[in-house]
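Features reported for this protein in TrEMBL:
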- 13-180: domain 'Reelin' (DOMAIN)
- 217-332: domain 'DOMON' (DOMAIN)
- 337-536: domain 'Cytochrome b561' (DOMAIN)
- 1-22: signal peptide (SIGNAL)
- 377-397: transmembrane segment (TRANSMEM)
- 418-437: transmembrane segment (TRANSMEM)
- 449-468: transmembrane segment (TRANSMEM)
- 480-502: transmembrane segment (TRANSMEM)
- 571-592: transmembrane segment (TRANSMEM)
Amino acid sequence: MELPSLASGFWMLICFYVSVNGYPNGRVREACMSMIPCHGSSPQPSPVHIIAVNWTEFKPGDTIEVHLSGPDFEGFFIQARDADQNLDSPAVGSFILADRKHSQLLTCGRTKNSAVSHTSKAKKSDVKVYWIAPGNAPKHVQFLATVVKKYKTYWVKIPGPVVSQPNAPFPTTPLYVTSEAISTSHSASYLTKPFNASGCGITKFCIRNPSNCDPGSALCLFLSFQLQKSSVLIEMSGASEGYLAFALSYDQWMGDDDAYLCINENHHVTVSTAYLKGRRPPVLDSENALEDVSWRLADGVLQCSFRRSIHLAASKERFNLDASYYIFLADGEAGEGGPIYKHRRQPLITNGMYNVTGIPQDIGGSRSPGLIKAHGALMFVAWITAVSIGVIVARFFKPVWSHSFLFGKEMWFQVHRMLMLTTVTLTSISFVLPFIYRGGWSKQAGFHPYLGCTVMALTIFQLLMAGFRPSLHAPRRQLFNWFHWSTGTTARILAVVTMFLGMDLPALDLPDPWDTYTMIGFVAWHVGIDVLLEIHSYCLIRKAELIEDDRVQILQSLTSAEAEGHLFKQIVLTIYVCGNIVFLIAFLAAVYQI
């Protein structure tokens, strides 16, 4: 009993000495095994720093980049250990420095350069080193770090990623649990490897956007549910900046929904439940109903995993998971201290209601609600196709179809009237769709709704004015013509401007910037055709004026010129209509993501 007492006293003497002086120069060999700084205080719970690696697989002799990052800190201590042991085993492998100003190599035990620490108390927010796998490396290696923010504020044995040799069997023991690691994180652990989509549609119910994307990519928004007896394992993945969230809802409207959030707070992830009330920010629950919470931050990807019981009788705000719901999936920015901001784009919403504990499926969703898609599509058909062709017909085809009749009226007039009535009908239907979807006025759509209401008013006014059109030789016909032209032209210009503004709204979710290019292309196409026909009409008039022979020859020349002009206009109109159809198809394909 004397020897252990003597050793204990010696260790206390060392801790008393270093607690006065600390390790400002990073020479922390005394803490090689425990990784505990003797600062006279207890370690902090819930680490706020993360360890990331560029590879999760290695062979003996390989080099792996190790990156420690987080809020400013003064000191650090990094090691690699055998993950198949209890993480109290000796250090494994050796390190190479990337920055000798802020880091230095240490020898722990018999392995040279087997640890890295700081060189001074200068504040730093990230450290990069390189780990070299030894020839006798174990099958699984885990990186650990102790981080000192201030003298009495530190975290011990922050667990980092596990790297494995090829085809190494996955260990049955938890890779991230140690006595010290448990004290630093009571509620969450670290994922040892990234998600994959191998079980989607087979053993897991998955939602992916884009379809069939890899959850290991920052461009992939991923959510999966896997039934495990009386509980469900849930995995969520997306870009690492800010937060990821999903919600279960009885409808496709935000409000009265069961929500789950993974929030990146200064490189530390908090997983929480919330209940959405209306369109207000979610209120995080004080009591968390989630189990086995774990997360991972690497390569620009945030991944979190947790387990939830299918039924939670004690919580009225948590929905049972064996029923069918619409599923919302969103991402956005998070501020300092964890407050989350409105999602940066329209949430992804499933096209139907699904039971995530039922038959496994691999589905996608849409960021643009059906009513908003229909609003955009109908407006495009009305103002890009119907109005444009109707205006061209009325402006240039009166002489071409002056002797052709349809239902007792001149053909040009009937075609023009049919297209304009189609425009009024489509515009009226489209106008009410956003109000149905929003349940009222949208305060977040900028000038788009104001201009839209103006266009709708001008459209109705134009229709009423056409209903009281004076006869051809009436005194007020000239005044009518001027008002009819000016009102129609104003409505067309405002409609195009309104569509330009509407295409950038997140609810429509058009592929930027191709949506803008499509509209610019159409405007250029329409103006080009209009100018071409104006030039052609001017040339015909000039050609007739140059004929100065007898009346018969003049009439013959005029007839010939008119025939040539009519044929040219009909060819141009055919090309113009075909072009409009191409633009219409391109726009509809973008709206419905065909």
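Residue positions begin at 1 at the first shown residue.
The backbone N, Cα and C atoms fix where each Cβ goes, glycine too.
Where the transmembrane segment (571-592) meets the stretches 377-397, 418-437, 449-468, 480-502, the count of C-beta pairs under 8 angstroms peaks at 377-397. Broken down with DSSP, the domain 'DOMON' (217-332) shows 0 helix, 69 strand, 47 coil. Taking the domain 'Cytochrome b561' (337-536) as a whole, pLDDT averages 87 in the prediction.
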